[in-house]
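Working notes, structure below.
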Amino acid sequence: MTIFCSHCHRPLQAEMSCLPRRGTQVPSASKPFRSTKSASKARRDQINVELQALRSLLPISAREKERLSYLHTMALVCLRLRGAQLFPPDSAPPAGLALDVELLSLLPGFLLVLSANGKLVYISENVAQVLGLSMVELLAQGDTIFDILDERAHEDARKKLLLAQEEPGREVTFVSEMRTSKAFRLQHGGNRAVAVRGRFTALRWPPSPSTTAFLALCTPVARFPADDDAGCQDDIFHSTHVLDMTFIDVTESVTYHLGYRREELIGQSWYSLLHPEDAERAAAQHRAVALGAGPAAARPAVLRVLRRDRTWAWLRVSARRDGGTHAITCTSRCLREEEAAYLRAREHRPAALP
């Protein structure tokens, strides 16, 4: 019995011998590490030094550098790193190419380069002329194309980018409102719609996601304030009609836009040029103007009109009837197809709540 008990208790005694005795300290290795205030401050100071060094290397003005936050600095550094990956230093990368300001001013929009997963790689400096935000300010919104687009356009943009990626070289276009500065929104009543037209291009061989970029030109969809009568603009023409919309006069610029000579249109009906699917839309505008329902009722209409070469032109037509006269004056602005689609979609969009 004694032998059994002593044999039975040996394992228990061995286990208890491993436990610390009362009053003894647990080894320091088992304690959680706690940082001191001085160590934390030293790390913060070291991080600040490194961020200042990175900030000093960015090719932006000293004034912009002073306004950068830590996260903003890292966003710009990541942009430069993505550019260096797609465009090695021994090539001529847009990310490092200082395009002449005068050359950029001649473009109808700004240049945009995206990586295969939609990350921003390059934005030309003239983006400020379109959106009211500099390249640095725009990056504060995020580092992907979807961070600067209206949320309602995300799905369409994804589909178009995927299509372009599956078929390299195929040009795709999508239209979306882009984020703008507060001053721009106050002046124009909202963000700006921009048409993004581009294609995926392999920059090095063999092509892969790391060597392929989406190169695009972003042109603003024309904003249509109350200056539609500005005849100096190249994309508009004016016409005058009797109350049944028969042409009695039209500017000579109609030849450039539709191919007709002025004499060919005088005496013809406006409805003879309209696409059959748009006749009802034009008639609603016609009735509102002829009956003097006011500018709110006679809203501009997006219509398709037959060119002389039997193709269809998209026009945004504003009509008015001058008081005391029996004539209707129309201002027609030519649109790109993507602009027309965007404006048509806005017509069916419910008004935003204040």
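Any Cβ shown, glycine's included, is placed from N, Cα and C.
These numbers come from a predicted model, not from an experiment.
Marked as domain 'PAS' by TrEMBL: 102-168 (among others). The residues of the domain 'PAS' (102-168), classed with DSSP into helix (H, G, I), strand (E, B) and coil, number 34 helix, 12 strand, 21 coil.
Per TrEMBL, domain 'PAS' is recorded for 247-280 (among others). Here the domain 'PAS' (247-280) has a mean pLDDT of 94 out of 100.
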